[in-house]
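Participant: This structure is in structure tokens; I'll ask about it shortly.
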Amino acid sequence: MLTKRIIPCLDIKNGRTVKGINFVDLRDAGDPVELAEIYAQEGADELVFLDISATEERRKTLADLVYHVAEKVNIPFTVGGGISCIEDVDVLLQNGADKVSVNSSAVKRPELINELVAKFGSQCIVVAIDAKQIDGNWKVHLVGGKVPTEIDLFKWAKEVEERGAGEILFTSMDHDGTKNGFANEALAKLSVLVNIPIIASGGAGAVSHFTDTFTHGKADAALAASIFHFKEIEIKDLKKELKKEGIPVRL
Amino acid sequence: MKIVIINYGAGNIQSIKFAIKRLGHEAILSDNVEEILNADKVIFPGVGEASSAMDKLRSSGLDALIPILKQPVLGICLGMQLMCNKSEEGNTKGLGIFDLDVVKFPESVKVPQIGWNEITGLQSNLFSDIAEKSHIYLVHSYYAPIGDETIAESEYAFPYSAALGKDNFYGTQFHPEKSSDVGAKILQNFLEM
């Protein structure tokens with residue numbers, strides 16, 4: 001049986017992890033490679049690296065990081081942040097990334113999805129969608145959720161699937177950072193609407209939130225950052241609890 | 001030991017190189033006939049679309065070379081699918097090593113299948129010291145059904161071939177290079193053949 005995936009997300013700036021990370025056994029808390037190795041050992045099913053650097057050398061710095069992660073880590077990982085063309089993706093895949101995620105650039109020019117899929121295949125193209133509710137309607141947001149658009153979340157998700165994306169990473173800006181649980185209603189609607197896997201993101205604060213998003217939210221995978229970085233929930237414990245609840249996980 | 005990864009411009013080869021390096025070996029990337037013929041082990045990778053991958057193999061003559069290799073050959077993911085008779089993806093003829101036709105998963109499940117699934121019915125030295133129901137990582141929209149050459153099964157909508165084996169040829173639908181310690185052990189088993 002296909003298991004539900006648990007995915008820690010690491011924010012990267014200039015090749016270093018950004019958010020304060022509370023790992024006592026870490027020699028260098030800012031080293032993404034070391035952190036990635038630890039997460040892999042603890043049972044993470046996949047990793048996501050989100051690059052937020054804005055320097056001219058960003059492409060090279062990120063490629064170097066991807067190379068070093070691939071060298072050490074034996075689970076799949078996705079790289080996202082600022083990817084806007086075929087060359088960006090090519091460099092990352094050549095250096096060992098398994099998947100890339102595109103977000104704002106795909107909203108601005110949706111044909112990018114078709115181009116990437118044609119060149120690299122659906123299996124490595126993830127489309128990240130940030131959305132929040134405005135007057136009860138889910139609207140897609142850009143630039144890390146800061147800039148609202150008129151685009152409806154569900155329409156966009158359907159279009160993303162039709163253009164060939166292999167997976168959708170949906171972050172609810174309404175839930176992100178609240179630690180009150182994932183946007184399960186919207187997630188369940190997405191999961192029925194499209195026939196590609198959905199990664200739930202935004203709102204993880206307790207084990208029960210993961211249980212809920214896999215059952216009520218029908219999510220295929222769940223992503224979280226701070227609760228893992230600050231060891232509020234250990235991945236091993238989380239997966240044991242999920243198994244007790246009857247959710248298929250890899251232990 | 002001379003390990004050659006067949007280079008035909010397909011997919012994520014760096015990860016396979018690294019996985020072999022973690023096992024204490026070096027793999028080289030080559031499309032040179034002599035080099036491939038003289039290798040102790042040959043790895044046939046593949047990520048992407050089947051018909052365009054077959055076009056690349058044909059244009060370099062590798063489609064004729066691979067089926068006549070005598071040393072252990074391991075096809076991974078699309079590599080395994082291309083070793084079958086044909087694939088529904090791009091309606092392409094394969095290398096005809098495994099007597100199976102690759103077809104697309106039905107709409108009743110999410111396509112692609114992405115993630116960790118179990119392998120059962122393990123029947124080859126490739127799986128020495130691998131427990132039944134071990135988890136491996138897969139990303140695929142097309143699958144090879146169960147057949148005489150199936151050496152491991154997995155289930156998504158129904159049972160399908162997670163690995164195939166015939167003579168010196170092996171294929172895994174999953175990515176051993178991305179399947180944590182289980183995958184590393186399977187790769188090691190292959191290298192020890």
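Each Cβ is built from the backbone N, Cα and C atoms, and glycine gets one as well.
Copied straight from TrEMBL:
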type     : residues : note
ACT_SITE : B:C77    : active site, nucleophile
ACT_SITE : B:H175   : active site
ACT_SITE : B:E177   : active site
DOMAIN   : B:4-191  : domain 'Glutamine amidotransferase'
Participant: Below 8 Å Cβ to Cβ and six or more residues apart, same chain only. Which residues does that give for B:E177 (active site)?
Facilitator: B:S15, B:I16, B:F18, B:A19, B:I76, B:G183, B:L187
Participant: What three-state class does DSSP give B:E177 (active site)?
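Facilitator: Note: B:E177 (active site) is helical by DSSP.
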Participant: What average pLDDT is reported by the model for the domain 'Glutamine amidotransferase' (B:4-191)?
Facilitator: 96
Participant: May I ask for the distance between B:H175 (active site) and B:C77 (active site, nucleophile), taken between their Cα atoms and rounded to an integer number of Å?
Facilitator: 6
Participant: I'd like the number of other C-beta atoms within 10 A of the C-beta of B:H175 (active site), please.
Facilitator: 25
